[in-house]
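Feature annotations, reproduced from TrEMBL:
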COILED    226-260  coiled coil
TRANSMEM  279-298  transmembrane segment
TRANSMEM  310-326  transmembrane segment
Amino acid sequence: GQFYQHATSEASQATLASVAPVFAVMKFDKEGNTTYFEKKKTELYQELGLQARDLRFQHLMSIATRNNRIIMRMEFLKAVITPEFLLILDYRNLNLEHWLCNELASQLAGEGQLVTYSLPFEFRAIEAILQHRISRLQGRLNTLQPQILETLEALVDPKLLSVDRSKLHILLQNGKSLSELETDLKVFKETILEILDEEELIEELCLSKWTDPQVFEESTSGIDHAEEMELLLENYYRQAEDLANEARELRVLIDDSESIIFINLDSHRNVMMRLNLQLTMGTFSLSLFGLIGVAFGMNLESSLEEDPRIFWLVTGIMFLGSGLIWRRLLSFLGRHLEPPLPPHVPAVLKKSQPAAGRVEIKSNLQAEPFGLSRSTLTNQ
């Protein structure tokens, strides 16, 4: 029985090990040297001193610290930062080989952008990842902005009687992409702001301050790494805020353009409705006096059909009456469709108000010849 239980436990462990996910890892050290390897998730979090839930990366963007390790996720980028090295997980599925191989290594080996002296390794790693994320968001905005402006310029044209549906489809797609960009910028700002609001989180991001005694001595001698980390995060928060403002201006421009398009279409629709109403009135006028012709066409004998001048007389009366009635209806339509004028304000009322004010001030001055009280100054 003991042998069976032992064999069963070994089989279960082998099964779990076979189905455990394997990470394709790219490792960067302080000098920017790069190594590649594959490692199972269980082995990786045991070597890093983490737990299995720390490497799940459930959120699209997150920055957290665990056991003197910084765990970051920027959309599809998964990274683990330590005081000595940086790990990029699942780098093969990111399509970021150019940035990883050319730009990231040089940034990790260099210095930060906000200060002149050399920063600890985790500062450079965080700065490089945040800079890459901001650059991606800026690139998306730079791609959307000219497309949206070009589409709106083609749509907002008062000469167009109808709107091109293909342009509307392009505007709808660009608006959807702009909404996704605004959501990503909002998530980025909220993630950074959560860290900036907590001093303890900022302190935890400074890994070298608690592991390297030399760095700790430098920080006590005047270099506060927590303040430098706060400045670094605030810098990228301001950049994200600027991008969000530009995206918001595009959104307002789209909304205003939609209002202009709707006003333009309503104007053309009103013109067509007015023309239709005028033609209906003309048809009614002709039909009304057309009853005379109907009466004469009823094969009834009378003495009027023998006179050759009656045809021209009746035809003239029909057209003249129809024109007069149509003209009368058009004037009635014009009176009721014109917007009402604003009420007229008499000039006497406009002049009486300043005069009353001057009289009141003059009476106040006469009441207090030797000085003005505070209430008098307030009234003036």
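Glycine residues also receive a Cβ, built from the backbone N, Cα and C atoms like all the rest.
Within the same chain, residues 281-282, 284-286, 288-290, 292-293, 296, 304 sit at least 6 positions outside the transmembrane segment (310-326) and bring their C-beta atoms closer than 8 Å to a C-beta of that stretch.
In the predicted model, the coiled coil (226-260) shows an average pLDDT of 90.
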